[in-house]
Amino acid sequence: MSNMRSLSFDAIIIGGGGSGLRAALELAKSGKKTAVLSKVFPTRSHTVSAQGGITCAIASADPNDDWRWHMYDTVKGGDYIADQDAAEYMCSEGPKAVFELEHMGLPFSRFDNGRIYQRPFGGQSKNFGEGGQAARTCAAADRTGHALLHTLYQNNLKNNTTFLNEWYAVDLVKNANGDVVGCIALDIETGEVVHVKSKATVLATGGAGRIYASTTNALINTGDGIGMALRAGFPMQDMEMWQFHPTGIYGAGTLVTEGCRGEGGYLVNKDGERFMERYAPNAKDLAGRDVVARSMVMEILEGRGCGDKADHVFLKLDHLGEEVLGKRLPGIVELSKTFAHVDPAKEPIPVVPTCHYMMGGIPTNVHGQAVMQDADGNDQIVNGLFACGEAACVSVHGANRLGGNSLLDLVVFGRAAGMFIEGALNEGIDYLEATDSDVDAAMKRMSRWNESNGGESVPDLKAELQDIMQNAFGVFRQEDNMQEGVKKLAELRERIANAHLGDKSNAFNTARVEALELDNLMEVAEATAISALERKESRGAHSRYDYPDRDDVNWLKHSLYFPAEKVLGKRDVNFTPKTVDTFEPKVRTY
Amino acid sequence: MSTLQVSVYRYNPETDSAPYMQEFQVDTKGRDLMVLDVLHLTKEQDSSMAYRRSCREGVCGSDGMNMNGKNGLACITPLSEVVKNNKLVLRPLPGLPVIRDLVVDMGIFYKQYERIQPYLQNDTPAPAIERLQSPEDRDKLDGLYECILCACCSTSCPSFWWNPDKFVGPAGLLQSYRFLADSRDEATSERLAELEDPFSVFRCRGIMNCVAVCPKGLNPTRAIGKIREMLLANAT
Ligand SMILES: Cc1cc2nc3c(=O)[nH]c(=O)nc-3n(C[C@H](O)[C@H](O)[C@H](O)COP(=O)(O)OP(=O)(O)OC[C@H]3O[C@@H](n4cnc5c(N)ncnc54)[C@H](O)[C@@H]3O)c2cc1C
Ligand code: SF4
Ligand code: SF4
Ligand code: FES
């Protein structure tokens, strides 16, 4: 592969969503030679879809708000396997990161006193769960992700960040010592394959909701970063933890934000009953997402679903009035009209729990450094590899993420990774160069597709994978179903290894990109399936009929999936925050 | 009758000396699909078809294209809105170089966006919290900040077709006004100075094509009018 062009950078950031752009901004300001590599133009990244807001104790709605209350909610929401040092870092650094966004120009909605508007979201409390519902989610109407992503892109333009737009990262390049020293990338427009060398490689590739047939996620959310890391042999953490959002639009999968319920909307069954009052007497419709999603499925299973097939419930908003809807939820009005054919000012929206967010991912410390385990089970840093955003598992979300905490995670840990890399580069990073055979190893997968002549087609295999995941690894899970799912995935892997890329052309070949994405969906699906099968308890978003209870004796742990052996190990959860007392695990009620 | 006649603009620079239209019969099973769904079905018939897409819900701006003569986003345009006589003709956004099939080179469009310095400029040291802004001042940004850079407007604007290098175009000017209108921005006079030549703003002929096609319901013509007023007020 010696004739391949190569580019060299101090740092590359794979991903131009909120987390990648926040990391890039830090590095661009430091003057390090940095590039952002993104398979879509940055403002087309999935962050643009985020609606409801960014949760942070900026003490605007409530001048007495306290980041420690936010931390408590986060740890409880995560069913106690969020790392408390990471949650502490995110919640305490959060206000700084949010104010920075405002200073950069983010058009937040405002209260009359001119401060940032905050709305109530699920799982939020005052005074460590004792003081009632909090309103802690900072919002730009219901287009917060759009406002955030565009603001970050604009500020990267201001700071002259180098962008490699519509470049597709294929695989990581490792040197003889196992350090990550860059990646192989495809310039989609021309089809050229380039070896991108770097002292620090940040995976900010976002989520992978497309492993499910029904998802709120963009079509590009195929878990490429997770796939690359797994193929490079690195472990994945808590991959069984997938969030199903209560309010995906029935039939379409598009999301309507939890902010709808924050603004006063609520769910009803076919009898018009506000059923969440039965499942969560205090928080009602603003209980944790896992709790609400399960309650909805229970209603449907017990025959109280709505519609001809009784397979969904309704989200009622009409009582809020046209004015509130127009001011606070204008995007939701648009989406409901387009995808549900209802005007929420007049009729309820049909909704159903829909795959939404990957709590698991590449395990990292608070600096974004990827970690793996040595033979004795101790954490070990992976040289050269970093991760942030949804692709990372730092872990602040544990077994269930709270609404609005992802956007905060993106900017806090994107920034932290940027700062850490700048420091490390200043001290000097010197890894062994990759040899030709190291580069060839990273090229193997791409070459396989390019040389394929005959075999099954990519869209068919993708649809099968999504059905397997949807049927066996949904809101409720059980052993025999999952066993079957794991077996089917193993067969599917064989078939994908022999699948066919029909179009071998160079210029803007989206069929090639979709083929490469299919491999990544496969990696994520299998990691999810095996982790879900092996975690024999119910916690947060992971609910099993056969193990209905939380098991703190055996499973107050992160799971760690090792790709080479396809086995599940465990990793300790951090219970030692620096400035506050540990939040001890309690029974989780809302 | 659920078979839809779909005609798609095809061009692959490696193999085609000239663009051509490819015909597809698509079985919609009687559903009112979105145009993007129809494209997925044609791609299942011919995997070499190229188009951009990401969010599939009208917020990322990837899939601006020309559908039966009108620019819009494929993912939020239902067939019932565009199909006439059971026929759907899909072409790339007009006026930009075609990379392949429905994929256009957006370079010049992005360049015009960058030219208006699309970021808040404020050199006053920031407070320890956020800068305050009244709800009334914040309301002035509504109808402006929501732009998704899909280019549907600029590529339907005759003035932009003729002078894409000199006329900023509706999308860029809408964003320019988004910052001019922001009570937190301090660069008003510098921004206006950049725009006072005869081309940047004044090439707009008020034809309003841009308003007619914007999938987000934004109104670049009104924003351009406001910039003109500011420029004229500045000049006197
Ligand atoms: C509909 C919806 C609404 C949401 N609303 C909220 C909300 O209100 N509040 C909240 O906190 N969270 C919300 N979330 C979650 C949140 O939006 C996401 O978790 C977050 O935006 C992910 O950001 P990211 O930076 O990790 O990745 P993304 O924004 O997904 O960006 C990933 C980037 O990686 C690039 N990439 C991926 N693979 C490759 C590759 N192989 N080569 C090159 N580039 C690649 C992509 O081009 C993209 O630029 C919402 C999620 C959804 C689905
Ligand atoms: S109103 Fe101006 S900007 Fe809009 S299409 Fe017409 S000439 Fe172009
Ligand atoms: S103004 Fe409207 S049509 Fe023009 S780029 Fe923005 S969103 Fe697209
Ligand atoms: S795919 Fe995002 S706007 Fe259509």
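Backbone N, Cα and C define each Cβ position, glycine as well.
Annotation source TrEMBL lists active site, proton acceptor at A:Arg289. Positions annotated as FAD binding site by TrEMBL: A:15-20, A:38-53, A:Asp224, A:Glu390, A:406-407. Look at TrEMBL and you will find A:His245, A:Thr257, A:His356, A:Arg401 tagged as substrate binding site. Summarising the annotation, TrEMBL assigns domain 'FAD-dependent oxidoreductase 2 FAD-binding' to A:10-407. Residues annotated as tele-8alpha-FAD histidine in TrEMBL: A:His46.
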Proximal but sequence-remote residues of the same chain as A:Gly15 (FAD binding site) (Cβ under 8 Å, at least 6 apart): A:Val36, A:Leu37, A:Ser38, A:Ser45, A:Val202, A:Leu203, A:Ala204, A:Thr205, A:Gly206, A:Gly225, A:Gly389, A:Ala391
Cα within 10 Å of A:Arg289 (active site, proton acceptor) - qualifying binding-site residues among A:Gly52, A:Arg401, A:Ser406: A:Arg401
Cβ under 6 Å from ligand 1: qualifying recorded positions of A:Val40, A:Val48, A:Arg289, A:Ser406: A:Val40, A:Ser406
For the substrate site built from A:His245, A:Thr257, A:His356, A:Arg401, further residues of that chain with CB within 8 A of the site's CB center: A:Thr216, A:Gln243, A:Pro246, A:Leu255, A:Glu258, A:Arg289, A:Tyr357, A:Gly403
Neighbour-count leader, CB within 10 A, binding-site residues: A:Ser19, A:Thr257, A:Ser406: A:Ser19
Chain B contacts among the recorded positions A:Gly15, A:Ser19, A:His46, A:His356, A:Arg401, A:Ser406 (Cβ under 8 Å): A:His46
Fewest-neighbour residue among recorded positions, criterion Cβ within 10 Å, set A:Arg44, A:His46, A:His245, A:Arg289: A:His245
Long-range Cβ environment of A:His356 (substrate binding site), under 8 Å and at least 6 residues apart: A:Gly209, A:Thr215, A:Thr216, A:Asn217, A:Trp242, A:Gln243, A:Phe244, A:His245, A:Gly248, A:Leu255, A:Arg289
Length of the line joining the Cα atoms of A:Arg44 (FAD binding site) and A:Arg401 (substrate binding site), in Å: 24
Across the domain 'FAD-dependent oxidoreductase 2 FAD-binding' (A:10-407), average pLDDT on the 0 to 100 scale: 96
Residue from A:Ser19, A:Val48, A:Gly52, A:Ser406 whose C-alpha is spatially nearest that of A:Thr257 (substrate binding site), among the binding-site residues: A:Gly52
Three-state secondary structure, which DSSP defines for A:His245 (substrate binding site): strand
A:Val48 (FAD binding site) CB neighbourhood, other CB atoms within 10 A: 28
Distance [Cα-Cα, Å, rounded] between A:Arg401 (substrate binding site) and A:Ser19 (FAD binding site): 17
